[in-house]
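Chemist: The structure follows.
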Amino acid sequence: MEKEIPKVTLNDGTTLPVIGLGTYGLWGNAGANAVSSGINAGYRLIDTAYNYENEGAVGEGIRRSGIPREELWVTSKLPGRYHTYEKALVAIQESLYRLQLDYFDLYLIHWPMPNQDSYVEAWQALIDAKKWGLVRSIGVSNFLPEHLERIIGETGVTPSLNQVELHPFFNQQQQRNVHNEFNIQTQSWSPIAKAKDILSNEAIRKIADRHHKTIAQVVLRWQYQIGSVSIPRSTSAKRQRENLAIFDFALSDAEMTAIAELSRPDGRLFDMDPATHEEF
């Protein structure tokens, strides 16, 4: 690894690398090889989920990498169909069995699914899973401010992190402000947005040319400078290495502003509003 990845300290005192490897769509032997390649390129944070249906491949990739378990941070997520207390605890254990791990460094509720109205119960299960050593840090994903306020108010436990859709076209400024108020770490899924849209964006291309960097590197550097932990996905060893090479340059205030101005209210990549989206 050319340069150690910086880390952030979460509100429970645990640390997390500021960039990780997303694994959605990485399945089977090819997926295991991509995970192993990413770890050997320097990634130490690996992000998966029960509903990605690839925890077995991710676990195999971890073992193939040869990197000691204690040097890695592994994240998985609870699916909507297991939001009741007992089912949530079983789901965590089943995920650990598939990955062949003894604990998760970070475990998240994947979606709040407020229409089901059981995410507080699921959160209590994560609180206890942490007490019992199954998980070292607990957080949520796609939670809106009202969901965060409710679980904190009803349990007294603040999530260490909220993983949300965040990219230049949907920069979640208001959501990030709420995270800052609660001392919750922001994490970005789909941090580079859709490649065809980003790669054709003239504002970002000019910044990339100025720094002699790729557009993806500029976007990931922007993510780092706004304080979000990003989890880009790539199966290419070359792009995996490129995505980590973001710590040898910095964006100016003017460049950060130019990227911020690309955000728009309808900037979500998919029709997945956490207020209504259901994913079992």
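Glycine residues also receive a Cβ, built from the backbone N, Cα and C atoms like all the rest.
Bear in mind that TrEMBL entries carry predicted annotations, made automatically and left uncurated.
So TrEMBL lists these for the protein:
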type: ACT_SITE; residues: Tyr52; note: active site, proton donor
type: BINDING; residues: His110; note: substrate binding site
type: DOMAIN; residues: 35-263; note: domain 'NADP-dependent oxidoreductase'
type: SITE; residues: Lys77; note: site 'Lowers pKa of active site Tyr'
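Relative to the rest of the structure, where do these features sit?
Modeler: Summarising the environment of Tyr52 (active site, proton donor), the number of other Cβ atoms within 10 Å of its Cβ, over all protein chains shown, is 21.
For His110 (substrate binding site), the same-chain residues lying six or more positions away in sequence with a CB closer than 8 A to its CB are Ala49, Tyr50, Asn51, Lys77, Leu78, Pro79, Gly80, Ser141, Asn142, Glu279.
DSSP assigns Lys77 (site 'Lowers pKa of active site Tyr') to a strand in the three-state reduction.
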